[in-house]
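Data first, discussion second: the structure below is written as structure tokens.
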Amino acid sequence: MENFKGLQKSLYIWTDSADLDKRVEQLKSATGGDVALENVHRLSFSSYANSSFDLIVIECAQLTDSYVKLLHMLKPSGKLHLVSFIGPAASLLQEIKLSGFINCREDSPDALTAEKPGYETGSSARLSFAKKNASAINVWKISGDDEELIDEEELLDEEDKQKPDPAGLRVCSTTGKRKACKNCSCGLAEELETEKQSQKATENAKSSCGNCYLGDAFRCSTCPYLGMPAFKPGEKVQLGDNLLKSDI
């Protein structure tokens, strides 16, 4: 009882009325404060306000359903003291811990002490580690003005925009490929041969003046590119079919 000195308001829960006055006087002498009385069988019908007592002393520990209520009745950091309890101390300490008490200990073979946490039941506190670093937030902040959008049209070259020549997509009806079969009768063999001759003539065509790519205004009268639009130097140009045939 010496550990309870200075506690101003206590509650003594009794089971046996014999020598009750003597036990109450001992508690008053140890704490130096006021002591209220309550019968253990009437505790469930009591209506004590929360945080009413600094100390609660119980003569019997058969209060499995009332430990939480006692926790509410105690002030923050208030103490619960059990004497003359029945059953194993370890089992009783476990029940008290599960009810929310801390610092549960066995003072003697027939006495236990526990404490209510230093805050009111149901209270909340701000956690320091939950604060966010402002600089870290700004790093990941995305603004619509900062977005660099890519123009889809810039991803395509002029060559990509040109539609393919349907004639160049023709395939052999037998092989299913743009390659004539051995006994081609659909005309694909002649078409491929014409393209081959045209390509060969284009590769052999050379400019003596070096101005053929500029257009008809700069070309000779016998220029193979006469009548064709201007083109870039080194650009591959296909000559017309009329230039691939002999004049004689």
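Please read every residue number as a count from 1 along the shown chain.
Just so it is clear, glycine is given a Cβ too, placed from its N, Cα and C backbone atoms.
What Swiss-Prot records for 130-161 is region 'Linker'.
As annotated by Swiss-Prot, region 'Fe-S binding site A' applies to 172-186, with the evidence given as sequence analysis.
Look at Swiss-Prot and you will find CYS172, CYS181, CYS184, CYS186 tagged as [2Fe-2S] cluster binding site, backed by sequence analysis.
Here Swiss-Prot flags 209-212 as motif 'Cx2C motif 1', drawing on sequence analysis. The average pLDDT computed over the motif 'Cx2C motif 1' (209-212) stands at 73.
The [4Fe-4S] cluster binding site annotation in Swiss-Prot covers CYS209, CYS212, CYS220, CYS223 and rests on sequence analysis. Residues near CYS209 ([4Fe-4S] cluster binding site) in space but far in sequence (CB under 8 A, at least 6 apart, same chain), listed by position: PHE218, ARG219, CYS220.
Taken from Swiss-Prot, the feature region 'Fe-S binding site B' applies to 209-223.
Per Swiss-Prot, motif 'Cx2C motif 2' is recorded for 220-223.
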**Study point:** For CYS186 ([2Fe-2S] cluster binding site), the number of other Cβ atoms found within 10 Å of its own Cβ
**Key:** 14
**Study point:** Separation of alpha carbons, CYS223 ([4Fe-4S] cluster binding site) and CYS186 ([2Fe-2S] cluster binding site) (Å)
**Key:** 35
Check your understanding: Helix, strand, coil residue numbers for the motif 'Cx2C motif 1' (209-212) per DSSP?
Key -> 1 helix, 0 strand, 3 coil
